[in-house]
Amino acid sequence: MSSREIPNPYDDYQGQKLLAEDAKLDSTFADQLKANINNLLARLEEGLKHVKGGDYSVYTGQTGIALLFLHLHKVFGSSGTGTSYLETAVGYLQPALRHLNSGVYTFLCGDAGTLALAAVAYSRCGDERTSKECIKSLSGLLVVVNLACDLLLTLSTGWKSYMNRRVKDPRMPDEHLYGRAGYLAALMYVQTQLGQDAIHREVVVKVVKAILASGQAMAQKKRWSHPLMYAWYHEYYLGAAHGLAGIFYTLLLVYGDKRYLDAAEKCCDVAWKRGLLKKGYGLCHGVAGNAYAFLAMFRLTKDQKYLYRACKFAEWCFDYGKHGCRTPDHPYSMFEGMAGTVYYLVDLLDPMNAQFPAYEF
């Protein structure tokens, strides 16, 4: 046992019935989930009152909180309070829309996430005009995303100056947090929420082609034997955030691919044994993020062993803050903090439709 995780205290699955006839969670555990969701949500809203503004990303900022409240609206509808979940989501998005031009154009860390979520939120409110304006702006980022690459070297001095003003790093990478895969994720989020026709297919295809062309160019340049390779600041990352896993996963979402099941099962076994992390309860480096692996396997295999494991990790999160885990840098955010844990608990109520935010949609 390494120093990164806490020993798993739970027995593994022994045939317990976890689902009702409607494929939703058994009502007894579902009631426990709802009670803990309400408790954590109250703590979250109180904590957010003391968070300084200025971060408008999905990953650690206000737009991520909007994503949570959109999810709450989708699952529960009315909040039962004076302000609806949908109104709360829009309230977090409005200042983010006033602070675009961040120089990053991805779902998790940049303007694409704000525009994608705003398009969905305003559509849900019945404001189709504003929704379509957001979609137009989102699709318009394609010019920046696809030109911000080595082709920049062939552009005129005037265009170079323009691109350098708009793009934080004109050598646009391909990874998920700051690169083209992250922009593609924003497009796909809008499609899954508002329909495939909400984003013109040619926009999606152009991004996919750019990612593939970039990977082919890197592989040829470095004389790799395989057809694609990607780098982030001259390093060959393999993970989901900066590396191959996140890029390939997003590409496969476009084309559909159900391979690699055996490898996924082995990964889930490791997550069960070692996934109660001392880093915390969140999505990025925490227990809720690991638990989504179980839900993904449950959807694929219908094996209730994985649902059981997901429920046990949820039970661990019920005691939020009591396990001696470290406090993250952004303790209430979507990917580092409490908002992501609440998102996971809400998703667990309907496990067959649970989806890791920003990756599975």
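Keep in mind that glycine also has a Cβ here, set from the backbone N, Cα and C atoms.
When the ranges 138-159, 292-313 are checked against TrEMBL, the one recorded as transmembrane segment is 138-159. Taking Cβ-Cβ distances under 8 Å and a sequence separation of 6 or more, the neighbours of C284 (Zn(2+) binding site) in its chain are Y59, F335, E336, G340.
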